[in-house]
Amino acid sequence: MIPQLSAENVQRKQSPYHGKKGEEIASKIITIIDDGTMPLGVNSRKMDGEGVPSQSTSLLEKGVLKNFLYDSYTAGKDSVESTGNAIRGFDNLPTPGATNFIINGISRASKDEMFSEISEGLFINDVIGAHTASRASNPFSHLILFHPR
């Protein structure tokens with residue numbers, strides 16, 4: 001999902017979220033934040049690859065698409081401010097990328113309570129290779145680690 005929230009992919013129409021800002025695209029219990037300022041975050045930093053101060057950017061609030069990840073170039077194309085998400089290497093131009101991606105949901109039950117109410121289903125612990133999912137259409141076929149129930 002991270003590449004699909006990059007303004008670069010949205011502008012290239014390589015994201016299913018092109019033209020969907022302000023629309024409900026997920027369950028109302030889901031909020032997604034990219035926070036480059038999170039204390040002790042693995043990818044926290046004072047500034048991005050262009051010197052723009054890092055910030056906390058709300059991408060999805062209660063299922064509604066609010067924003068994308070911007071660097072200065074993509075922000076200029078959309079006439080908005082950079083979200084401080086430029087990443088770069090020594091041999092390439094900056095591009096929008098995530099820092100500390102946080103997915104919050106409204107918890108209604110503990111894991112044990114959920115399991116006690118499910119007679120059949122899968123509990124997915126991990127997804128391997130999620131970065132290979134299609135940016136444009138969102139389908140994926142990956143190895144998952146799960147506990148059958």
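Cβ coordinates come from backbone N, Cα and C, glycine included.
Through the fold, the compositional bias 'Polar residues' (1-14) approaches residues 32, 34, 59, 68-71, 74-75, 77-78, 95-98, 101, 131, 135-136, 138 of its own chain, all at least 6 residues removed from its boundaries and within a Cβ separation under 8 Å. Among the features that TrEMBL reports, compositional bias 'Polar residues' is placed at 1-14.
Mean pLDDT for the domain 'Metalloprotease TldD/E C-terminal' (3-141) in this predicted model: 88. TrEMBL lists 3-141 with the feature domain 'Metalloprotease TldD/E C-terminal'.
For 1-20, the entry in TrEMBL reads region 'Disordered'. Counting residue by residue with DSSP, the region 'Disordered' (1-20) contains 8 helix, 1 strand, 11 coil.
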